[in-house]
Amino acid sequence: MKDLVVLDVSKLPLHGTGMASPTWWATCTFMLIEGMGFGLAIAVYFYLMSLAPQWPIGAPPPDLFAGACLTVLLVASIIPNILVSRWARRRELKKVKIGLLIMSFFGIVPLVFRIFEFPALNVSWDDNAYGSIVWTILGLHTTHILTDLVDTLVLTALMFSRHGDNTRRYGDVEDNCLYWNFVVIAWLPLYGCLYWVPRL
Amino acid sequence: MQEEQSGPPMDTDLDDRELESRLAKTWSTRPGFWGKIACVDHKVVARRYIFTAFVFLMLGGLLSLAMRLQLSQPEARFISPDRYNQIFTMHGTNMMFLFAVPVMEAMAAYLVPLMVGTRNIAFPRLNAFSYWIFLIGGLLLWLAFALDAAPDVGWFAYVPLSGPQYSPGKRTDLWAQMITFTELSALAVAVEVVVTVFKQRAPGMSLDRIPVLVWAMLVMSFLVILAMPAIMFGSSTLILDRLVGTQFYNPAEGGDALLWQHLFWFFGHPEVYIVFLPAVGMVSTILPAFVGRPLYGYMLLVMALITTGILSFGLWVHHMFTVGLPRLGESFFTASSMAIAVPAGIQIFCWLATLWAGKPVYKTPLLFILGFIFTFVMGGMTGVMVASVPFDTQVHDTYFVVAHFHYVLIGGAVFPLIAAIYYWFPKMTGRMMSERLGRWSFWLIFIGFHLTFFPMHILGLWGMPRRVYTYQPELPWASLNLFVSLSSLILASGFLIFFIDAIKSWRSGPPAGANPWNASTLEWATSSPPPPYNFRRIPVVSARDPFSPGNDELTVATGLRTDRREVLVTTIVEALPEARESSATDSVWPFWAAIATSIMLIWSIFSPWAVVWGSIPIAVALIGWFWPKGEAEDES
């Protein structure tokens, strides 16, 4: 078959950002998968609650302190997160490096509070179905903080390496920020379920 | 001009032969064992996927013959009750998780990039990773079977039977972890297909010009994305109940057995459409080539695909009509189960209209499509019957249901799939399959299928339950069972001829040429089999049929680099060019990541600490995978 050239694309950029980037779309798709997972966890929580004669089953509601501190931290982390994303879009390498260090910090410190959240649930995973679902929800969300933290740490190392100053890397930073926003926003309904629904 | 000469090598101003040799150098896989392991070409990976899935089909088929042997007479003693439980569990699990879903996704991974006119699937390394995960998950299950440790709790592993109390040992854990393997690989391919369709379509291929098959694969991928998390959540909580003592499914501690059924069928019903919608796409694509006229009702078909996809999430409770749910709930799910017959009906009428107005040429692919329409309509009618609660209560867990779902799954998905293999085999291998053997295999499969499965409706109405390893001679089922068992040999011989035809044609079939069926979708605009880079230049599309078979010219774009793997990224609605994006090079890291993931998943059956320690090698492999190697592909 003969080719009839009707279009020249040589002037196009070598990498698109935002909606022009396949990675951005893949990140959204993964958020859809994981959002579905969180949604199911919440559905199971309410399903079990609807069956139980009293809720929580055989335990006082979780202690509030550790969870509240973590939630404040996560919500506060949105501000530097958005800033890092903005700097990455403007390709400001020095600011991005500092911002990623800050975001690494905001990934590690919540984990410290998270360690205290598990005992604060006042129930063990194998006590009853209530214990099982709250431990699962907390565990599932912890996995998300952990994976995003590892991602952030690797990206930070990358931005300090010779590969850093590259549109592709800035795109990765933006996608990582997008994903962190998801991790934070997904936490809010989970937080409501874990700490406040038992107090209703 | 000065600037262009000093820049990287482009495909502009190169003659075809020179361009092809440069692209081949950039896109080819290195030879040798590690070259094959590292390969990320979507066609190679998809071919492996399809081949592996058909091996699993064959193994699953052998299991069904073993069951038919056992049931051919009352009180037979060929297979022990325990082994029989393993066999029917393996048959269902294998056919759904290791054959039906993977083979449909593999067809998507092969065809979608070609049909949208791009050079590789989005995230080709993820694609390679997903294949290794699928392969290892399948081997895990079959190895368990070989060691007499296969799951024995049915393909949907209902609790409490599958819980820690009634299924001690590792059999059910192996089932649950196999689910994790296959769902992981399915989700990975779904993400790739979505992004390929959204962002890598040829310039000009706006939403209303996307081939129906690509639409079908897109909807299927969204179903995978939205449905699979439910089964992953289910199998993970089941394994937690079994291994670390959570109480999700233990009613004594506030858990609930029906929760499992909800989670399973919230996945399990869309699963049927995950398998069926690609078949709709295949039929709609193949039909026009054999009736000599364009498909009737493109818009209707696409709308029906999307509607089916959405409605498929509102049907799951019809699998649970006999568990004692509120009357209102049952009525709702009866209505929604009947409603889904509407888009299915629209599809059937569009195909009939296409056939009616055309001049059908009865080659093998068309025969299988006609067989599909006939069989699927029958399966759909029994589907409408079991959507009614009183009727379902009567036939639940009997052979009537076995007959029904084999009509919709084999009739609705396997027939179109075989049609698709006959149709695209020339593209995948460069060789034609035999028309003579194709006809033999069609008639043996079609007649064998109906003789095998139609009597099961009657057996079911006569009260024969599913999943029994034998029955007593006083029951009136013996002669019909013997008839079914003998008929299954006809069905099996049809499949055997199909496999023989495929192997023979692969080795020595007549050369196919680029476009043996005079079709007008883009995969036929390149050679058979396509080169590693798929298209010499990226096609530019200006109509729903990207090119007409009679015309020897293809409108294309230039301006891509030849020294690195480059694809064109376009906008989501109108497919206007946005960027020249690089496509990942071959890498062994996906393979190592799959090995590390498999070690963690299998180890975790034996110790929960595997999740902690096993994650470290996974992280290492993933970092190795993503860390830039300073290639041209990393430039931006």
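Along the chain as shown, residues are numbered 1 onward.
From the backbone N, Cα and C atoms, a Cβ is placed for every residue, glycine too.
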Inset, instruction - Would you please say which range out of B:595-611, B:612-628 has the annotation transmembrane segment in TrEMBL? - result: B:612-628
Inset, instruction - Flag the pair the transmembrane segment (B:399-425) / the transmembrane segment (B:95-116) as in contact if three or more Cβ pairs fall under 8 Å (sequence separation 6 or more). - result: yes
Legend entry - Beyond the flanks of the transmembrane segment (B:128-147) by at least 6 residues, Cβ under 8 Å: 38-40, 45, 48-49, 52, 56, 59, 86, 90, 93-94, 97-98, 102, 171, 174-175, 177-178, 180-182, 184-186, 188-189, 192, 587, 590-591, 593-595, 597-598, 602
Inset, instruction - Determine whether the transmembrane segment (B:366-387) and the transmembrane segment (B:272-291) share at least three Cβ pairs under 8 Å, counting only pairs 6 or more apart in sequence. - result: yes
Legend entry - Of B:95-116, B:174-198, B:478-500, whichever stretch has the most CB pairs under 8 A to the transmembrane segment (B:272-291): B:95-116
Legend entry - Most Cβ pairs under 8 Å with the transmembrane segment (B:437-458), selected from B:49-67, B:174-198, B:331-354, B:478-500: B:478-500
Legend entry - Same-chain residues at least 6 beyond the ends of the transmembrane segment (B:331-354) whose Cβ lies under 8 Å from its Cβ atoms: 280, 283-284, 287-288, 291, 293, 295-297, 300-301, 303-305, 307-308, 311-312, 314-318, 321, 369, 373, 376-377, 380, 383-384, 387-389
Legend entry - Chain residues outside the transmembrane segment (B:478-500) and at least six past its termini with a C-beta under 8 angstroms from it: 54, 58, 61, 64-65, 68-69, 71-74, 418, 421, 437-438, 440-449, 451-453, 455-456, 458-459, 462, 464, 471
